[in-house]
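One structure is given here, and the rest of the page talks about it.
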Amino acid sequence: MIPYHSLQEASAALGRNLTFAETMWFTYSAQKSDYFLYCHNILFLFLIFSLVPLPIVFLEIRRILPFDNYKIQPKIRLSFNEMFKCYRDVMHMFFFVVGPLQLVSYPSIQMIGIKTGLPLPSLWEISAQLLVYFLIEDYTNYWIHRLLHNKWGYEKIHRVHHEYPAPIGYAAPYAHWAEILILGIPSFLGPAIVPGHMITFWLWIALRQIEAIDTHSGYDFPWNVTRFIPFYGGAEYHDYHHYVGGQSHSNFASVFTYCDYIYGTDKGYRYQKKQLRMLKEESTNGNKQNGGSFKTQNHKAE
Ligand SMILES: [Zn+2]
Ligand SMILES: [Zn+2]
């Protein structure tokens, strides 16, 4: 709730004219409670979980070229019914765990001091905070995820998330309810340490989920903009973790690759990549010598 009654009053308090974004924010949020603004996350998460994975579902069913060439595990295909079941289970968890968790966690947001007023943070400030949130989440998630791969944690909790050895976007939030609660901690830590504006918080929750859907998409497109992010793991990186499954002691990190590199948990993945690269080079050389048309498949996890 913004403590000014009019745009003029807000402008006088700031000692300058409001920017276009600030005027929009004032118009939208002035009469709304902070709790109601916080609860927007429920709607955002519902829309993201429902809509963002849809293009890949379409590709998975229609197998349109050239997109289909970038399927990471082309031998595993899910039917529409299987994907719909995944979505239905995610929605079940959304309405019984994720949504209620958002509803009751507002006091923690109040406690850490998420702001809803004016002035709005600059784009630079928002970007810097989001980067910090991603780094903190990645590091904390790495260790919790690694811990969940011990015998008890895997069998009792994390096994559910690994039901999809070749993941699809809808499988990103597909997990045991306890895992959803536990992994809420890394997402919350960043904003708790570096509290920002509600808009930054919305963006953080949305981008983190979109990133998770991207890394579970099952497709590794060369034109994906995330390829330009230094140390970004991406779909192929996390796909390997799902492919190996319960025995996986590789690629635990959720966003970047450096934790696995530092702690030596990407050795299996790097070894496999090297082997595949060598195989590809050998077949390309043999192909040139034979003048044949054998095409090496770009399967990362077969
Ligand atoms: Zn795992
Ligand atoms: Zn996963």
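Every residue, even glycine, has its Cβ placed from backbone N, Cα and C.
Lifted from TrEMBL, the feature list:
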- 35-59: transmembrane segment (TRANSMEM)
- 93-114: transmembrane segment (TRANSMEM)
- 131-265: domain 'Fatty acid hydroxylase' (DOMAIN)
- 180-207: transmembrane segment (TRANSMEM)
- 281-302: region 'Disordered' (REGION)
- 284-296: compositional bias 'Polar residues' (COMPBIAS)
- Message: Considering every residue in the domain 'Fatty acid hydroxylase' (131-265), what is the mean pLDDT value?
- Response: 95
- Message: Just to be sure I understand, if DSSP states are collapsed into helix, strand and coil, how many residues of the domain 'Fatty acid hydroxylase' (131-265) fall in each?
- Response: 90 helix, 4 strand, 41 coil
